[in-house]
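If you check Swiss-Prot, you get these features:
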COMPBIAS  292-304  compositional bias 'Polar residues'
DOMAIN    30-112  domain 'SCAN box'
REGION    292-325  region 'Disordered'
ZN_FING   323-345  zinc finger
ZN_FING   351-373  zinc finger
ZN_FING   379-401  zinc finger
ZN_FING   407-429  zinc finger
ZN_FING   435-457  zinc finger
ZN_FING   463-485  zinc finger
ZN_FING   491-513  zinc finger
Amino acid sequence: MAVALGCAIQASLNQGSVFQEYDTDCEVFRQRFRQFQYREAAGPHEAFNKLWELCCQWLKPKMRSKEQILELLVLEQFLTILPTEIETWVREHCPENRERVVSLIEDLQRELEIPEQQVDMHDMLLEELAPVGTAHIPPTMHLESPALQVMGPAQEAPVAEAWIPQAGPPELNYGATGECQNFLDPGYPLPKLDMNFSLENREEPWVKELQDSKEMKQLLDSKIGFEIGIENEEDTSKQKKMETMYPFIVTLEGNALQGPILQKDYVQLENQWETPPEDLQTDLAKLVDQQNPTLGETPENSNLEEPLNPKPHKKKSPGEKPHRCPQCGKCFARKSQLTGHQRIHSGEEPHKCPECGKRFLRSSDLYRHQRLHTGERPYECTVCKKRFTRRSHLIGHQRTHSEEETYKCLECGKSFCHGSSLKRHLKTHTGEKPHRCHNCGKSFSRLTALTLHQRTHTEERPFKCNYCGKSFRQRPSLVIHLRIHTGEKPYKCTHCSKSFRQRAGLIMHQVTHFRGLI
């Protein structure tokens, strides 16, 4: 049947013209969503957000309705329960709805002449023999007969006699011991099955009936089913197949005898599960550590049976600054602030002005700088209606109206509105000039003065006029030059109403009014 199914699938694939083209993105996103592991994320929040993103990429809730999403989920589950070869064949055609899936499978069944609800004989046989509580053996599991591993004088004995031990419970070697053990282990210690039985069990009447039954003959003749521990050669007789299958039949009988005992113990343990654990967070931490050993290495001498006590999330106290700069030791309350501060040490200036090419450490600095190009002055004085590009400039200006001068020089008694102005003034008393030019050795009391001076050595002129292309070393020079193009004359004489572009021109003009008075 497997050969016929494979040939039919290959023939259908060769007739690919009857199917429409499909989009593979949906299948890719579905596989990413289903195969995502917790250890791929840095924490629970990132893992949940990643799953949410993958699920939205797969189901596309903004484009699909609720009914379409439900149909997509049911379609996925339906394909999962199909046989492997049929599931692969259907997925390759990527049907767009459930009607297409059903029609594809019906066409394949009609081509193979298979009944709609065909049940494999070996599955039906296991369901009849295995009572409630016994382990279900997957049909694709490889059974290796222990008779092939017996060494010594007992090799010449029949297969069934050589396999059954003289004392102690028999060990089932299915080739997948870990899977069977995980299936039987519910998390609590289960009693060992007393599967010791004698050779007289072979004379049970149901065994004889099973050997002579039509279903057993079909199972032995079929190439689909269990892979017995010996190779099925073409010239192997039915009698040899029966001898090989016989230990498996006896094993089923032993499991059937122990089924009620296993079920009784399971019910007793199930009653103990009604009380939930006291600390669910501890159990969750255990589960995460067991499933994700790569997240944290456990010391070799540690006791794994000791309960884990995860540290609770520690709240930040007001004023706490846990993020410290390794270069200068300065601390910050947020990691983003530390990242911006570290750019000072590295010299990185990622934010570039598209107008003049000047670079800045922070985006806020770039935003304030761009106001110079746009002429935006969002801060307005309520007294004189003068506007400023920065709020700090507005606050300093408002002190001139209130005559508030909080910063006073102790040397000469002069007061200032800004602390920075007082600091610059104090340098006139001390004669301090900490900023020195490395080219000519000249010193300056202010850093801005040194910056302007250094442009004389480099001939840098960063301030360019957009009208005529002329460049200037200082921004005030550019502002005065722009008044030539705009015709602006902000300085007005109070005597004759004449206006001037520069304050120096107004002062020289006012001298003409006072000459007659002198």
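The backbone N, Cα and C atoms fix where each Cβ goes, and this holds for glycine too.
The list of residues near the zinc finger (491-513) in space but at least 6 beyond its ends in sequence, with Cβ under 8 angstroms from a Cβ of it, reads 480, 483-484. When Cβ-Cβ distances below 8 Å are used as the criterion, the zinc finger (407-429) is approached by residues 396, 399-400, 445-446 of the same chain, each at least six residues removed from its ends. In terms of DSSP helix, strand and coil, the zinc finger (491-513) has 11 helix, 4 strand, 8 coil.
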